[in-house]
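Here it is, the structure, as structure tokens.
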Amino acid sequence: MVNFGNLLQYLAVQSPQQILSGDQLNTTAMAAYTLPALPYAYDALEPHISAQIMELHHSKHHAAYVANLNNALQSHVVAVTSSDIASQIALQAAIKFNGGGHINHSLFWQNLAPASSEEAKSEAAPSLTAEIQKTWGSFDAFKKAFSTTLLGIQGSGWGWLVKDGSGLRIVTTKDQDPVVGGEIPIFGVDMWEHAYYLQYLNGKAAYVENIWNVINWKTAEERFLGTREDIFKTLSAAL
Amino acid sequence: MSSTLLRTVPALRGALRASGAAKPAAALASTSFVRGKATLPDLSYDYGALEPHISGKIMELHHKKHHQTYVTGLNSALETIAEAESKGDFTKAASVAPLLNFHGGGHLNHTLFWENLAPASRDGGGEPSGVLKTAINEDFGSFDTFRKQMNTALAGIQGSGWAWLVKDKQSGTLGLVTRANQDPVSGPYTPLLGIDAWEHAYYLQYENRKVEYFEAIWNVINWKTVASRFEKA
């Protein structure tokens with residue numbers, strides 16, 4: 001269950017220039033979220049994720065979440081200034097869906113890396129892999145458990161490795177629900193069909209197998225060692 | 001009742017349209033269901049027959065791969081339940097409920113979907129006639145308003161799911177509902193017309209432009225099937 005208050009908090013953290021107080025509470029005071037640039041080229045994850053998928057996923061899907069989030073937030077500001085509580089409540093679903101879509105994809109792009117890069121080697125995450133081995137017995141056992149979880153998602157959603165307190169866990173979130181609450185997202189895998197269909201068609205097991213080649217373990221290690229706030233500060237710098 | 005979801009004999013396929021669809025939950029939960037296996041129904045048209053509105057490649061993958069996976073998953077869930085039941089392990093049987101709902105719903109939804117589509121050159125497209133037309137006009141104002149509302153409902157689905165034109169069993173009125181993932185239409189509603197809003201239903205042809213798919217699909221709606229479901233509901 002997503003904590004809506006937390007989500008808004010994140011969105012606020014991501015956009016520090018956003019002014020939402022006092023007499024500046026009007027639509028012109030709203031700073032808009034923007035589509036972050038990818039840290040690599042669209043074809044950089046080939047052959048594991050095709051350039052066509054990456055381009056559509058980033059320039060169309062992610063862009064749509066950003067645009068719809070900005071629209072919903074702008075309407076929300078209008079509803080707040082006019083004390084229209086019914087509209088504020090009605091907008092929550094759109095803010096959660098599109099805000100979640102923006103957060104999830106922003107985290108996703110950063111936790112991927114070209115297969116040939118140093119970041120894509122699990123050696124780039126010594127502390128994290130040690131903790132993974134401690135939790136699942138072996139790195140392979142973890143990969144198997146994570147892959148099984150991904151393939152068990154019914155409908156659209158995401159699979160995440162999260163740090164919960166001091167321990168690691170695998171969780172799933174449906175549709176564009178983000179990981180909120182106390183959990184720290186270490187890396188996420190998008191299991192929406194648009195993330196793989198043009199290349200893998202119905203063969204999502206092959207997509208799940210290949211995604212391991214492009215996980216950015218350097219980012220994963222940083223997120224594992226950092227706090228939640230660190231993650232979203234890093235994120236906000238890119239947005 | 002439960003056998004209406006199966007295709008152990010060809011004659012039962014019509015029964016799915018007639019009444020089985022109205023009570024999927026009851027049918028799926030019935031233990032007599034395990035007497036036969038669910039099978040992939042044949043399409044009544046070729047994979048390429050809905051072009052250019054839905055490509056042959058989409059239809060082939062959608063039917064042969066996706067729908068087949070639901071059929072296989074449904075049979076597997078039913079076997080697990082039967083085995084658990086025979087051992088008196090009802091906790092295990094109950095734990096399969098989500099898989100039964102997902103794969104059973106997927107089988108049911110797609111079976112209804114194939115039947116409420118038809119090539120534009122045959123029964124597909126146009127507008128409903130007769131009592132269905134009258135009912136749509138009464139409950140939505142006009143066919144055009146209905147179509148717009150259905151497209152708005154489809155576009156508003158957050159994630160995977162379906163939109164359905166349904167008949168309320170008690171009031172007899174028509175309405176629109178959406179269902180997440182493969183949740184089937186059940187309870188107080190009889191499904192009349194379903195449109196699949198999963199990305200696999202359109203992505204190879206329309207990519208992220210799902211609104212174009214929702215516009216195009218009206219060219220291949222089989223109103224004869226929808227009218228028949230309405231009259232029997």
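The backbone N, Cα and C atoms fix where each Cβ goes, glycine too.
Just lifted these from TrEMBL, have a look:
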{"type": "BINDING", "residues": "A:HIS57, A:HIS105, A:ASP190, A:HIS194", "note": "Mn(2+) binding site"}
{"type": "DOMAIN", "residues": "A:33-113", "note": "domain 'Manganese/iron superoxide dismutase N-terminal'"}
{"type": "DOMAIN", "residues": "A:127-223", "note": "domain 'Manganese/iron superoxide dismutase C-terminal'"}
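I'd like these features described in context: how deep, what's nearby, how far apart.
The DSSP secondary structure for A:HIS105 (Mn(2+) binding site) is helix.
Across all of the domain 'Manganese/iron superoxide dismutase N-terminal' (A:33-113), the predicted model scores a mean pLDDT of 97.
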Taking the Cβ of A:ASP190 (Mn(2+) binding site) as the reference point, list residues of the same chain whose Cβ is under 8 angstroms away and which are at least six residues distant in sequence.
A:HIS57, A:ASN104, A:HIS105, A:PHE108, A:TRP158
Checking interface proximity: list the binding-site residues among A:HIS105, A:ASP190, A:HIS194 whose CB sits under 8 Å from a chain B CB, in sequence order.
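Near chain B: A:HIS194.
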In the same chain, which residues outside the set A:HIS57, A:HIS105, A:ASP190, A:HIS194 have their CB within 8 A of the centroid of the CB atoms that define the Mn(2+) site?
A:HIS58, A:HIS61, A:HIS62, A:PHE108, A:TRP192, A:ALA195
Reduce the DSSP letter at A:HIS57 (Mn(2+) binding site) to three states and note it down.
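Reduced to three states, the DSSP call for A:HIS57 (Mn(2+) binding site) is helix.
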Please spell out the DSSP helix, strand and coil residue counts for the domain 'Manganese/iron superoxide dismutase N-terminal' (A:33-113).
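So the counts come to 56 helix, 1 strand, 24 coil.
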